[in-house]
C-alpha cells in the first residue's frame, strides 16, 4: 500500500504542477509537511557519527541492521535540509517534480531559491530541525514570490508555448492586391517556382489578366496616371483626351452597330474585355450617340431637301402636261367660246409676235 501511495504522489504532483502558480502552492504545501511522515523514523537530536552519515549519503540502500518497519528508504539528511523536498526517487519518477520546475530558466527567482539544495551532506547533517524549518519557510516565501511574478507577467505564463507564427510566411505587402506586376515580382521573391507551376494551387489573378489579349496593353495609355489632368502654362488644370487603340475602337464600333445603349453588366463586361474602365466606355458611347444623332439629322435634312425639290419638279411637269392637253383637245366653235377666249388671251403675245414676223416677211418680199 505504501508503494502504491508513493507512485500516486508524483502523479498528483504532475497534474497539479502543470501551471506555475499551482506548482508554487503545491511546493509550499510539500515544504511544510512531507508526503508520508509516518513512513520515516524521527531524526536523532544529537549529531550522528561521521561513519553513519557517510554511509547513509553514499549507499543507495539502507544498512541491514537499520530499523525500517515499512521497508522504505529513510530520507537523507541533505534531502530534509534542502527546502523540504521529497526523496530523490519520487522526484526522478516524473519530469514535473518540484526540483525540475524550480530549475526552469523561465523562473529565475525559483532557480535561485533552489541553490541551497546543493549544500554538501556534511553541513546538512550537522544542521538542526529548527534550521531546516527556517530554510523551508524562506524557500516557501521565494517560491511564492516567483509564482506571483510569473502570474503577473504574461510572458512568464506563455513562455513555454510554441510559437506557430514562425512557420507561416510573412504577410504580403498591400501593393500585391492592386498591381499585377508587383504581385508577380513579389511571387518570384517569395516562392522558388512561379505561381502557375505550383501543384494544386489555383491562380491568384484571372487568366485574362495574367495572359492579356493584345489590346490589353493599351490600358496603360488610358490610365489617369499618364496625365489625363495636366497643368497649363498659367497653372490651370488642363484635361487631355485619352487615346484608344485601333482594336479597341473597332470593338466599340461593332458593339455600337448592334446597340446604341449599354446596360450596366454589358458595359462592365465590355470594359473588362477591352482593358478600359466603365467610365471610359460610358463616355465613349455618349459621344458616339451624339455624333450619330448629328449625322442622322444631317442625312434627314438632305433627304428632305431632295424630296422637296423632286416634288416641285413633278408639280411643274404636271402643269405643263395639263396645258398640252388643253392645246391638243379639239375645239367646238359653238360650245367652247370661253375656252377659246382664254387661249387667245394666254397666247396673245406669242400670236402678236407671229403676226409681226409675218408682216415683216411680206414687206421684204
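Please read every residue number as a count from 1 along the shown chain.
Each residue, glycine too, has its Cβ placed from N, Cα and C.
The following features are taken from Swiss-Prot:
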type	residues	note
DNA_BIND	237-296	DNA-binding region
COMPBIAS	48-92	compositional bias 'Low complexity'
COMPBIAS	110-136	compositional bias 'Low complexity'
COMPBIAS	305-318	compositional bias 'Basic and acidic residues'
MOD_RES	190	asymmetric dimethylarginine
REGION	35-136	region 'Disordered'
REGION	102-269	region 'Repressor domain'
REGION	295-365	region 'Disordered'
REGION	307-365	region 'Involved in DNA-binding'
Arithmetic mean of per-residue pLDDT over the region 'Repressor domain' (102-269): 59
The compositional bias 'Basic and acidic residues' (305-318): DSSP-derived helix, strand, coil residue counts: 14 helix, 0 strand, 0 coil
The DNA-binding region (237-296), counted residue by residue under DSSP: helix, strand, coil: 43 helix, 3 strand, 14 coil
